[in-house]
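Going by Swiss-Prot, these are the annotated features:
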BINDING   Gly38, Lys39, Ser40, Gly41, Ala42, Gly43, Lys44, Ser45  ATP binding site
DOMAIN    2-241  domain 'ABC transporter'
Amino acid sequence: MIELRNVTKTYSAKQGGVLALSDINLRVSAGEMFGVIGKSGAGKSTLIRCVNLLERPDKGSVIVDGQVLTTLSSKVLRQARHRMGMVFQHFNLLSARTAYQNIAFPLQLLGKNPTEIRKVVLPLLELTDLTAKINAYPSQLSGGQKQRVAIARALVTNPTVLLCDEMTSALDPETTHSILQLLKNINRELNLSILLITHEMEVIKTVADRVAVLDQGRIVEENDVVSLFKRPKTEIAKKFTHSSIKVKLPEILRNRLQKTTLDEGYALLRIDFTEHTAETPIIDEFIRKFDLQVNILQARLEFLRDDSIGMMLVALRNVKDTLPQGIAYLNEKGLQVEVLGYVSADDWRYR
């Protein structure tokens, strides 16, 4: 279990203090995979480094497995850190040591004998699918294999908590997918509490149970992953979820959008589907009820856990008088609708 209570962190700078984290409250339950997402500079790395006190908060408490780390002496804190594994974006492997030796290194520092070390390292090589690479040096490993070594090394002290700091950012999409599947397997087999930070919503969507959205050092939204996708409340959460579903207005139309309604032209809408609304013919009913001309620009349906979510971009022609009633109808049916803007008939004709 991980808990942050009222954690604040400020860095000193020539022009005054820089607030990295402000009054952070966060709880990761035992066995849970919890994601923190935010843009670059949001404070993600500072947050995760506060968990094991690589960065010490200016105020607030950090609690891991019921132990208040912020009150511990240096000696006791070092012992407590053995229960916390950490994986970074960069692998930080020792180039002159094999995969086995890199994984074993923390145990050697703890004074374990070779027999004890072997009993721990061999199962981890198997768990991370590295048995065939036991004697390989980092220069002989792919990026994904290096990250697997780093993960095994983080697990070698039998931690209850695993901290992952942008661990897939340096990997290609296929390798990222395999590493995330490994992380899910580790969570299932070892029942670890996993806290991961990322700027990629695809990572959150793939592995996290719950997610917090971090913006300018503050948690602005927190929810289970499915609920966040269904009903994002903040603008930054909406941007993350919309970018993940990969439905985007063509640039030629974005450049021609106007904010005011037009007598002759098109209204461009983004319509979000969730739950049963993704599986019922609501748009067909909408077209018939209001006798509309509808152009579907883009549409996508995805399945997340046991739910379906989707998004559609549509252009409605000459709807100045009926648009408010149409949006109210769609909202009543459980759809979320956002008016992106308006395009004149001439601009539409020459798109």
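Quick reminder: no glycine exception, Cβ is built from N, Cα and C everywhere.
Computed from a predicted structure; not experimentally measured.
Cβ atoms within 8 Å of the centroid of the Cβ atoms of Gly38, Lys39, Ser40, Gly41, Ala42, Gly43, Lys44, Ser45 (the ATP site) belong to the same-chain residues His199, Leu214, site residues excluded. Packing around Ser45 (ATP binding site) is summarised by its Cβ count: 19 other Cβ atoms lie within 10 angstroms of its Cβ, all protein chains included.
Sorted by the number of other CB atoms within 10 A, the binding-site residues Lys39, Lys44 start with Lys39, the lowest. Of all the binding-site residues listed (Gly38, Ser40, Gly41, Gly43), Ser40 has the fewest other CB atoms within 10 A of its CB. Close to Ala42 (ATP binding site) in the fold, though at least 6 residues off in sequence, lie Leu214, Asp215, Gln216, Gly217, each with a CB less than 8 Å from its CB. Confidence over the domain 'ABC transporter' (2-241), given as mean pLDDT on the 0 to 100 scale, stands at 95.
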